[in-house]
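Listed features, source Swiss-Prot:
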| type | residues | note |
| --- | --- | --- |
| BINDING | 47, 176, 237, 258, 259 | D-ribose 5-phosphate binding site |
| ACT_SITE | 104 | active site, schiff-base intermediate with D-ribose 5-phosphate |
| BINDING | 188 | D-glyceraldehyde 3-phosphate binding site |
């Protein structure tokens, strides 16, 4: 697999009555990838750094785990260049659990993505939590058989990542802070952008497509359906059962939890509580019950106290 070479997006020629064999193959692949992501809907995906943590997450009811060497809070506090995790660590986690395993690649680092695919992970997260490898290009995700997860702070970012082949979108939030406010803001922004599209006529949608730097057919589809064509999760700052219920009530189809579980006082109990809250998110009595006796939550940091150059959500374009 190489970086060079042209690979057309299946979005090309959507309106044509003649579909090439290549386009048919891409559309079939897209359905498979998005279908795999759709199976995680309603679930909680947890960051883990050891096979033992992965088993705790699985026992708590996690729908998938994210294998990495350092959780975002440690990446933030320790600094340095954050890269793809060691293959031995990833394989150890893959072999430890029966649920899907995700792993992170740096933005634009297509070779890290190739390695992760060779290791047999179930999803690749092209993640702003790691140090970007390319400040101009994201990975061409159509070249891979494994589905990709990508972050977004607004609809334009989400549409561009989908155009590149992402099968799942997550809000970026501000990872490693324990402050859910940015995740909430990004989710509201994406929903607000979609609502604005729905009020536009066809001519105005052409202008919107230019504004979002996304294909017109994709913009028109979102305007028609009122939602993204892929599953939308929330990530960044979810640390309590109430946080999980909050974003689920706001329309998130699932939750990523990074540092919030294994940086807390009782990881096993908190993991199970967040899973239950994400499932029964519209029942306040359940949220109250599962929030009892969990021990200390991660200390965290207010997003407003994070200097602009250190805000991970601003990585990507």
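Using the three backbone atoms N, Cα and C, a Cβ is placed for every residue, glycine included.
Everything Swiss-Prot records as a feature, shown here on the structure.
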residue	record	contacts (Cβ under 8 Å, 6+ apart)
47	D-ribose 5-phosphate binding site	65, 66, 68, 71, 72, 256, 257, 258, 259, 261, 262
104	active site, schiff-base intermediate with D-ribose 5-phosphate	66, 68, 84, 85, 124, 125, 126, 127, 129, 130
188	D-glyceraldehyde 3-phosphate binding site	250
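According to DSSP, residue 237 (D-ribose 5-phosphate binding site) is assigned to coil rather than to any helix or strand. Its own atom aside, the Cβ of residue 259 (D-ribose 5-phosphate binding site) has 25 Cβ atoms within 10 angstroms in the protein chains shown. DSSP assigns residue 258 (D-ribose 5-phosphate binding site) to coil, not to a helix or a strand.
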